[in-house]
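Input: a single structure, listed below in structure tokens.
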């Protein structure tokens, strides 16, 4: 087997081969639409953050030093440094510190009280945060807005991908889970359109509309979550062995009475999940080393692509290279339209082409894009003076190629792959690790990007391109294919992989261990019986 070869999972009739029956019912679709809409919250905040920080009225009120740098009042400031402000980056990235802490609490809530409970908590806190944003009169209220939004996102981002993966039939799990990334992209697009529309409101209060409108998708999610059903996996956990409710839910979700095989797998997984604490199990057991590695590295690589440079700072960056306020905001809209279209492509092809092919192809696309932007900036954008408009728009085109490559590969698959590879006993903990890594890396990048741009200049984009090279090699060598394989049977991909089988052992080795344990247990019983007779 060639290095990097992946496990051939069941295709086409994968679910049938596993003994699973059913189809995508309207009940599944409606439930997943409501839950997946939580992605709009995340996307809306990403889009709003960069948009309002490029609005002159917002900067003049809360960040006057940045405003004067942007306007060119300080002629000795480099073009690359016009938005470099520690206070501005704290405003942008404080959300992710709050989200990092919140997602660790969300794991226990999701495990104990259910996926729906975490979604409800997240949506409610997000609404409260939106109120403080729209009513802000000083930086402290803005920071409170960001902290509350971070708590809300910590809960929703931890529970929603989990919910979607557990509700979806195995053969369509990729497409349904990718709907979360599509909602993120739609949220960013809506935010960019709102930013563009309110930027020219006389009186300079349009940014209040941008910040307060976050309450609309949050209210939709919160109200919708009240009516969401719980997943069969959680119903089995909560039922303590009573599977009647889970079986009824599975039959309703799959549109068939023949769900016994899937139910048996869920019950077996739930039985294993009763052993120990999920996070301690994930960190402590050798057989979960592959899941732990993926839960850390996949979201980390997601962030070091530089995607949040676009999500946070697209309007800021386009203003930096010479576009005016309206043009920079519209440029952010254009890049997001490309990303949204690419998300749809991902939903269509992910369960046919598989995860690896998308990640590898998207990685190559992003590498070329980052290096091209870096080369153009190095050649045509200096410390002082504006870039020629044709080169500014060429950067915009290349950025569209970049976000499209991310949106049909690393964007949606960062939420899908770690969720589907974790068995039930560690699934909630695994998702918390994923979201914690995303928030931590997003915070670091959000906190440092403007300073990096100021000091590294065009080299910033070569740095991101180098990271994309590294993560593409990681996928090639270490990520097995998981398309259409039932989540409860995912452990087999690690035992057949050229590298991970050395860590977790082969199926034959596990059978030997189980036989030894069974023999030891039998000997103990026999010895106990002998002593009893004596």
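Including glycine, each Cβ sits where the backbone N, Cα and C put it.
The domain 'Major facilitator superfamily (MFS) profile' annotation in TrEMBL covers 31-483.
As annotated by TrEMBL, transmembrane segment applies to 24-44 (among others). Remote same-chain residues near the transmembrane segment (24-44) are listed as 115, 119, 122-123, 126, 152-153, 156-157, 160, 163-164, 167-169, 172, 176, 179-191, 213-214, 217-218, 220-221, 224-225, 227-229, 252-255 (criterion: CB distance under 8 Å, separation of at least six residues from the stretch ends).
Residues or ranges marked as transmembrane segment by TrEMBL: 87-107 (among others).
Non-local neighbours of the transmembrane segment (119-141) in the same chain are 35, 38, 41, 62, 87, 91, 106, 109, 147-149, 151-157, 159-160, 163, 208-209, 211-215, 218-219, 221-222, 225-226, 228; each lies 6+ residues outside the stretch with a CB under 8 Å from one of its CB atoms. Sequence annotations record features per position, and here TrEMBL assigns transmembrane segment to 119-141 (among others).
Residues or ranges marked as transmembrane segment by TrEMBL: 176-199 (among others). The list of residues near the transmembrane segment (176-199) in space but at least 6 beyond its ends in sequence, with Cβ under 8 angstroms from a Cβ of it, reads 24, 28, 32-33, 36-48, 51-52, 55, 160-161, 164-165, 167-168, 206-207, 209-210, 213, 217, 311, 314-315, 325-326, 329-330, 332-333, 336-337, 339-340, 343-344, 346-347, 350, 407, 411-416, 419-420.
Counting residues 6+ beyond its ends, the transmembrane segment (205-228) has Cβ neighbours under 8 Å at 31, 34-35, 37-38, 40-41, 44-45, 48, 51-52, 55, 57-58, 116, 119-120, 122-124, 126-127, 129-131, 133-136, 145, 149, 152, 156, 163, 187, 191, 194-195, 197-199 in the same chain. Annotation source TrEMBL lists transmembrane segment at 205-228 (among others).
What TrEMBL records for 292-314 (among others) is transmembrane segment.
Sequence-remote contacts of a segment are chain residues at least 6 beyond its ends whose Cβ falls under 8 Å from one of its Cβ atoms, and for the transmembrane segment (326-346) they are 47, 50-51, 54, 178, 181-182, 185-186, 188-189, 192-193, 195-196, 199-200, 310, 314-316, 318-319, 358, 396, 399-401, 403-409, 411-413. The transmembrane segment annotation in TrEMBL covers 326-346 (among others).
Residues or ranges marked as transmembrane segment in TrEMBL: 358-379 (among others). Counting only same-chain residues 6+ beyond the ends of the transmembrane segment (358-379), those with a CB under 8 A from a CB of the stretch are 305-306, 321, 346, 349-350, 391, 394-395, 398-399, 401-402, 404-406, 408-410, 413, 457-462, 464-465, 468-469, 471-472, 475-476, 479.
The feature transmembrane segment is assigned by TrEMBL to 391-411 (among others).
Tertiary proximity for the transmembrane segment (432-453) is limited to same-chain residues at least six positions away from its ends with a CB under 8 Å from its CB atoms, namely 80-81, 83-85, 88-90, 92-93, 96-97, 99-100, 103-104, 106-107, 150, 153-154, 157-158, 161, 279, 282, 292, 295-296, 298-300, 302-304, 306, 308-309, 312-313, 316-317, 320, 414-415, 418-419, 460, 463. The feature transmembrane segment is assigned by TrEMBL to 432-453 (among others).
Under 8 Å from some Cβ of the transmembrane segment (459-479) lie the Cβ atoms of residues 3-4, 6, 293-294, 297, 301, 304-306, 309, 355-356, 359-360, 363-364, 366-367, 370-371, 373-374, 377-378, 410, 417, 449, 452-453, 497, 499-500, all in the same chain and six or more residues away from its ends. As annotated by TrEMBL, transmembrane segment applies to 459-479 (among others).
Sequence-distant contacts of the transmembrane segment (391-411) (same chain, at least 6 residues past either end, Cβ-Cβ under 8 Å): 181, 184-185, 301-302, 305, 307, 310, 314, 318, 321-323, 331, 334-336, 338-343, 345-346, 349, 358-359, 361-366, 368-370, 372-373, 376-377, 380-381, 471.
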